[in-house]
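Over in TrEMBL, the protein carries these features:
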- B:26-65: DNA-binding region (DNA_BIND)
- B:Gly100, B:Ile101, B:Gly102, B:Asn103, B:Leu104, B:Gly105: NAD(+) binding site (BINDING)
- B:223-242: compositional bias 'Low complexity' (COMPBIAS)
- B:89-190: domain 'CoA-binding' (DOMAIN)
- B:223-263: region 'Disordered' (REGION)
2 protein chains.
Amino acid sequence: MATGRTHRPATRSRGIPEATVARLPLYLRALTALSERSVPTVSSEELAAAAGVNSAKLRKDFSYLGSYGTRGVGYDVEYLVYQISRELGLTQDWPVVIVGIGNLGAALANYGGFASRGFRVAALIDADPAMAGKPVAGIPVQHTDELETIIRDNGVSIGVIATPAGAAQQVCDRLVAAGVTSILNFAPTVLTVPDGVDVRKVDLSIELQILAFHEQRKAGEEAAAGVAADRAAGPARSAAVAGREDSATDQGPDGDVPAVMPA
Amino acid sequence: MATGRTHRPATRSRGIPEATVARLPLYLRALTALSERSVPTVSSEELAAAAGVNSAKLRKDFSYLGSYGTRGVGYDVEYLVYQISRELGLTQDWPVVIVGIGNLGAALANYGGFASRGFRVAALIDADPAMAGKPVAGIPVQHTDELETIIRDNGVSIGVIATPAGAAQQVCDRLVAAGVTSILNFAPTVLTVPDGVDVRKVDLSIELQILAFHEQRKAGEEAAAGVAADRAAGPARSAAVAGREDSATDQGPDGDVPAVMPA
DNA sequence: ATGTCTTTGTGAACGCGTGCACAAAGATTG
DNA sequence: CAATCTTTGTGCACGCGTTCACAAAGACAT
């Protein structure tokens, strides 16, 4: 799950659960592919397989949108594409600004997925004066000074932050002050925003670290050889450790033997 | 939430809930910042604020790792940094390969977050022969032909896919066959992998679409002017629609009036 | 030592999300 | 028109994750 949302009732969004909303783009992608192959209808089973989810879950998800299927037949592909697009608000074009045109910002600007479906890169913004005017992905980079003007003139409500971590909060504040109410943050920082502003975070190193955790666990399971009490020493604990070994509550008697790779 | 996991018991991973694992990197980052400022101890309240989470949640998360705090004082920063690093498997260096050195791949290769904490870019791989040998981020790009050799020689278990969608599954299959068991996928595709292989997905357009959904909802709430029965026509439904209006079960009588922006 | 004050660790309750399993709906066939 | 077959839509139960609220633990002052 993508994370980083400024708390709010969180789930209830016109009745559609957050988890369902997060899957709608997945369904939409699968449906678009079917549409391009001129497939007229699809069953929940087929579509679920294409989207990589459980078919019951898919049916329940669609039930929040309404009864768009036909029993005994399945779902009409074109109709469903339209309904989901409308639900996600992709029948209109959202102008988006990307702030921070480094390697990542440039990659984002060139990313076809933006322009293709519902989004339009309204402007690229960077703090480096040397970048100003230089075209990236066919769009000239503009200086940060013009941020407010760009936001207001284009009616931008979605901003993408691809700056270094140090600049992210400041950029965020300016975006919000200028009227942006949804932010996609690539900078490795926790952004603080006022109520009513949505933030979604994409963090590469966090994803990698989660993978590393599972990878380590896998390695530890295999190497279930003689690993018992070689718990790493690490830096000396400055404060007291207190009753660790005997404070086993209900977590299981194994405590926290890491079973880490001996390597 | 990042999504896309090849189902498995999912949560139970040596007792630590998935949701907690996903937050550990967040805590680690906040703690590292404190460590650099030579802050000796931190309370759950302070740390939670820095990480952008609830303090009770943070304490419960830490309780899965063990009792590392001192009541009345808080947590020892250095000790906690070490414990979380160890738990995440960052005390060892994970060699990582990046496949697909386009705009995004190059951005990833240049991303400082990789090298800094537990990860090392072992190789950059691209299918374009013209790219071969060209250095990106100081590392020469190698051709896809050498993928298997690179994986085996370097003992790589984590792969990053930054190829176009069309090539992703094929690259994935080769990575897995060569021994990779964790994949971070940036291509907008559902990857199919055998059991025992973890996949995490980062999908820019999905994140944007989720934002668009909420943005639309906000706009619709404000513009609660006279919007009632102008439900868009859309493409003609080919199959029968059946009882839509009257099949209101318990979803509420409002049915699915989208309250969409008139624009 | 004793008391007070701070902060952790966690039991318990609640709510959301998931998946099963089945009844209802409709297509299709005879 | 009746019977059969397919597939949807959903009631229900279960489990994970979040949050509250508080007792226990320890620091610190007297």
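First residue shown is number 1, and so on along the chain.
Note that Cβ sites are derived from N, Cα and C of the backbone, with glycine treated the same way.
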- Note on the structure: Outside the DNA-binding region (B:26-65), at least 6 residues beyond either end, the same-chain residues with a Cβ under 8 Å of its Cβ set are 15-17, 20, 73-78, 80-81, 83-85, 87-88, 90, 117
- Message: Are there any residues at least 6 positions away along the chain from B:Ile101 (NAD(+) binding site) with a Cβ closer than 8 Å to its Cβ? List them or say none.
- Response: B:Ala109, B:Leu124, B:Ile125, B:Asp126, B:Met131, B:Val136, B:Val141, B:Ala162
- Task: Quick one: give me the count of other CB atoms within 10 A of the CB of B:Gly105 (NAD(+) binding site).
- Result: 26
- Query: Which ones, out of the binding-site residues B:Gly100, B:Ile101, B:Asn103, B:Leu104, lie near enough to chain A that their C-beta is under 8 angstroms from one of its C-beta atoms?
  - Reply: B:Asn103, B:Leu104
- In this structure, the one of the binding-site residues B:Gly100, B:Gly102 whose CB has the fewest other CB atoms within 10 Å is B:Gly102
- Message: When secondary structure is assigned with DSSP, how many helix, strand and coil residues does the DNA-binding region (B:26-65) contain?
- Response: 30 helix, 2 strand, 8 coil
- Item | Among B:Asn103, B:Leu104, the one of these binding-site residues whose Cβ has the fewest neighbouring Cβ atoms within 10 Å | B:Asn103
